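As structure tokens, the structure follows; a few thoughts come after it.
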Amino acid sequence: MYYCISFTHKNTDIALREKLSFSNEAKKSEFLKIISTHENIEECLVISTCNRVEIVAFVKMACAEFIVKSLALLCDVDKDILLEKADIFEDSGAIHHLFSVASSLDSLVVGETQIAGQLKDAFAFAVKNNFCGVHLSRAVHSAFKCAAKVRNETQISKNSISVASVAVAKAKELADLTQKKAVVIGAGEMGELAAKHLIAAGAKVIILNRDLQKAKDLCERLGVLSEYDSLENLKKYLNQYEFFFSATNAPNAIITNSLVEELSYKRYFFDIAVPRDIDINENENISVFAVDDLEIVVQKNLALREQEARMAYGIIGRETSEFFRYLNDLALMPIIKAIRLQAKEYADKQLEIALKKGYLKKSDKEEARKLIHQVFKAFLHTPTVNLKHLQGKMQSDTVINAMRYVFDLQNNLEGLNQYKCEFDMENNDEIY
């Protein structure tokens, strides 16, 4: 069954989320290797962003305690606290949650489109490292289809905002950014988003990054209203400008009290990183806004999107039902075919026995074959119709398993791929 363990801004604070975050691929790989050794876990992937850690898996049976214990040990967090905080979803609930995440209905900023790229990256990493197979591939691709349908059929992503844009919006409330210089620390996706929103607000940006070439490349994309420098010169910039937006993947705070001097003018620090980049004392001239603080601004946008969100949840509900209907269809049709094939084989076998024993003339063989086939087709007609009527219904799994047992079909369904995937595992590409 599908399984999901979720830690988000809804059930954990930023201090706990930053401990759980997977800031590098090595840590993510280590965790997935650990949990994939469990006998009940067949496939798994991890989505890790500033606002969430999602463990998505395909399992034989529930194993939340093992997964959470593994996460707690790796991240040095109390297991009982994690179990208490975790939202756990099973099967249809897990798929509905995954579709909601992909469609940005579960985001801090409803309608932001960043999560689709983050899910794609998480999926690609899991596929590349052999943690993800056909089960999760089918689910993730269906999640992408659902997200596209939500975007196309609602206005949920119109004028969409991210945490970075919320930070810039908050800065605009504090001062006119026109012609001001703002320092963006980090040249990754979140840093780039912040820089773009700042430029759109009329500000000029200075990109600071450990990798100078990456900062230069970002400035080339941003255009003439940007410049760049090495993160080594951070202290100089911290004590020269007013607005700072920090979005690095550093494991520890990079802006500390030792770097920030007392100045006569106000400075505003926006920490949009998880783990947090900024650990300084606030005073009358220094204000710090972390990810959770920005939720206040986010709330102002939620009312505007409430109606669209209701429409989107309707789509997600229908797509979740359709997903399981499709899986049931994939399972039922080969069983119907296998039963008919089994009946045909038995009929042909008995016909040959009758011919050998002289119960039937060779000249009557074809007519007898037609008659026998018509009989078993007529006999199987009602069971076939009833099986088809089960498609998409809750009891279908029970009936499918019963039919496999009764007709001894366990080893006769090699052609059945219940979780048919639309992802080329060799080339990491879609094969629609």
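Residue 1 is the first one shown; counting continues down the chain.
Quick reminder: no glycine exception, Cβ is built from N, Cα and C everywhere.
Feature list (source: Swiss-Prot):
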- Cys50: active site, nucleophile (ACT_SITE)
- Thr49, Cys50, Asn51, Arg52, Ser107, Glu112, Thr113, Gln114, Gln118: substrate binding site (BINDING)
- Gly186, Ala187, Gly188, Glu189, Met190, Gly191: NADP(+) binding site (BINDING)
- His97: site 'Important for activity' (SITE)
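A map of Swiss-Prot features onto the structure.
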| residue | record | Cβ neighbours (10 Å) |
| --- | --- | --- |
| Thr49 | substrate binding site | 24 |
| Cys50 | active site, nucleophile | 24 |
| Asn51 | substrate binding site | 24 |
| His97 | site 'Important for activity' | 24 |
| Ser107 | substrate binding site | 24 |
| Gln118 | substrate binding site | 18 |
| Gly186 | NADP(+) binding site | 28 |
| Gly188 | NADP(+) binding site | 14 |
| Met190 | NADP(+) binding site | 25 |
| Gly191 | NADP(+) binding site | 26 |
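Rounded to the nearest whole angstrom, the C-alpha distance between Thr113 (substrate binding site) and Glu189 (NADP(+) binding site) is 12. The Cα atom of Gly191 (NADP(+) binding site) lies nearest to that of Cys50, taking the recorded positions Cys50, Asn51, Ser107, Gln118 as the candidates. Annotation note: Thr49 (substrate binding site) sits in a coil segment as assigned by DSSP. With Gly186 (NADP(+) binding site) as the anchor, the candidate binding-site residues are Thr49, Asn51, Ser107, Gln118, and the one with the nearest CA is Thr49. Other residues of the same chain near the NADP(+) site, with their Cβ within 8 Å of the Cβ centroid of Gly186, Ala187, Gly188, Glu189, Met190, Gly191, are Val184, Glu192, Leu193, Ala194, Ala247, Thr248. Of all the recorded positions listed here (Thr49, His97, Ser107), Thr49 has the Cα closest to the Cα of Ala187 (NADP(+) binding site). Checking Cα-Cα distances from Cys50 (active site, nucleophile) against the recorded positions (His97, Gln118, Gly188, Glu189) with a 10 Å cut-off leaves nothing; none qualify.
Residue density at Thr113 (substrate binding site): 16 other Cβ atoms are found within 10 A of its Cβ, drawing on all protein chains shown. Counting in whole angstrom, Met190 (NADP(+) binding site) lies 11 from Gln118 (substrate binding site) by their C-alpha atoms. A distance of 27 Å separates the Cα atom of His97 (site 'Important for activity') from that of Gly188 (NADP(+) binding site). Taking each Cβ in turn and tallying the other Cβ atoms within 10 Å, the top scorer among the binding-site residues Ala187, Glu189 is Ala187. Counting only the Cα atoms, the space from Thr49 (substrate binding site) to Gly188 (NADP(+) binding site) is about 13 angstrom. Each residue in Ser104, Leu108, Val109, Ile115, Ser162, Val163 lies on the same chain as Thr49, Cys50, Asn51, Arg52, Ser107, Glu112, Thr113, Gln114, Gln118 and has a C-beta within 8 Å of the C-beta centroid of that substrate site, without being one of the site residues.
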